[in-house]
Amino acid sequence: MSWSILELVRNNPDKLKEYIKRRFIDVSLVDRAVELDKKWRQTLQEVEKLRHEHNVISSSIPKAKPEERQELIKKAKELLKALEEKEKELDNIENERDNILMQLPNIVDDSAPIGPDETYSVPIRFWGKFKVYEKDEAEFLSQLKGNRVDYEIIHWKPVGHADMLENVLKLGDTKKAAEVSGARFYYLFDDIVWLDIALLNYAIDTMTSKGYTLVLPPYMLRGEVIKSVIDLDTFKDAIYKIENEDLYLIATAEHPIAALYFKEEIPKEKLPLKYVGISPAFRKEAGAANKDLKGIFRVHQFHKVEQFIFSSPEDSWKLHEELIRNAEEIFQGLGLPYRVINIATGDLGACAAKKYDLEVWMPAQAKFREMVSCSNCLDWQAYRMRIRYVEKGGKKGYVHTLNSTAIASTRTITAILENYQREDGVVEIPKVLKKYLEPFSRAPKDYIYPRKE
């Protein structure tokens, strides 16, 4: 939940219901939250009244006449017992209320397109020259949704990234990985590993040159923390839990960076605080049983560079645009054609009030595929983690948190394999990566060539 949500529960529950309806989920939790919050505030008044009465009587005992003292002591004990019982009742109501509130998603920004799923998301801009196989032109044009873009027709069918990796280049092995680890794992070799490393260094270099602080975060978080950063009920099919430990593997560096100021206060003049984290990402992908079974697009582990900002409330929307521009700059540097879409309300996830996705065109699949997710979470995470800003005069409020992918290495590799392949199976390396490969004598510099048996 967020402070914004708690304010709406108390002052405008109908508005909160409207936001939740936009997400196409049940609004009955709002009524229960309103009921419990009213009960909590009423009980709090009763606690404060009992506490006041107890304090008045307790302070009068030393001054009382001897014949009155015993009666006052008895009355004080009765009030103390009643107070303790009422405080316990208050705690129980508060816990029940907070459990309900923690299940409520973020509010929704008015600029997010309303719709139950991703088909209602709206493309807002395109970039690059798109390679389109001649038989896929009609399908490509249908995905533009009326927008005009620059594209070229190619007359040979591109090879899908999974076959390029394992059958043409012979630089990956998902079959052996499945044998020893299970589905959605992989071995990568030689040039593809160098490409992975170069992509990570390119993203880090780009972001640190903009003044973002580089972070290597913990790869596991305690239950209390991960439940504050995300809606764990929504993510239970995505997050790995360590058996017999109160620890969860992170699904992105967003999670530990968000927790960097867990239960702390930040001087407002220090905001915004901008970070770029690098980490492995671990995902169960339990909800994607039949999606992307081949290749390395949707896997249980990969490397990721993540942007993250702690912001003052008044600056968060401006910084949301900054984050997506940073991601676009990275993909423009790679020369990968893409579109940015404004995500529909039903596909936002609990944390985000608004989200952009950057999707690269994949010529072999004739589809746009997600490479970047960029969210403004307002104060939803900060309230749950108790991260506040403090003004010089002492006034406090909850910070806003924002996050965006910079690079998810394996997905970006799949985009390079499909967009930079030649008809003879050779893959050109994006020129921007050359400087990150040149220091290593065995690393490829310009091309990745198919391996012979």
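The backbone N, Cα and C atoms fix where each Cβ goes, and this holds for glycine too.
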Listed co-binder of L-serine (same site as THR252, ALA253, GLU254, THR405, source Swiss-Prot) among GLU306, GLU314, GLU321, GLU322: GLU306
Site co-member for ATP according to Swiss-Prot, given ARG283, LYS284, GLU285, GLU370, MET371, VAL372, SER373, out of VAL299, VAL390: VAL299
Closest by Cα to SER373 (ATP binding site), out of the binding-site residues THR252, ALA253, GLU306, THR405, is THR405
Quick check for you: of the binding-site residues THR252, ALA253, GLU254, which have their Cα within 10 Å of the Cα of VAL372 (ATP binding site)? none
Would you mind checking how many other C-beta atoms are within 10 angstroms of the C-beta on GLU254 (L-serine binding site)? 30
Who sits close to GLU285 (ATP binding site): which same-chain residues at least 6 apart have their Cβ under 8 Å from its Cβ? ARG184, ASP237, ALA238, ARG298, VAL299, HIS300
Within 10 Å of each Cβ, count the other Cβ atoms, then let me know which of the binding-site residues THR252, SER373, THR405 comes out lowest. SER373
Given the binding-site residues ALA253, VAL299, which one is most crowded in terms of C-beta atoms within 10 angstroms? ALA253
Taking each of the binding-site residues GLU306, GLU370 in turn and counting other Cβ atoms within 10 Å of its Cβ, which one has the fewest? GLU370
Whole-number Å value for how far THR405 (L-serine binding site) lies from ARG283 (ATP binding site) (Cα to Cα): 15
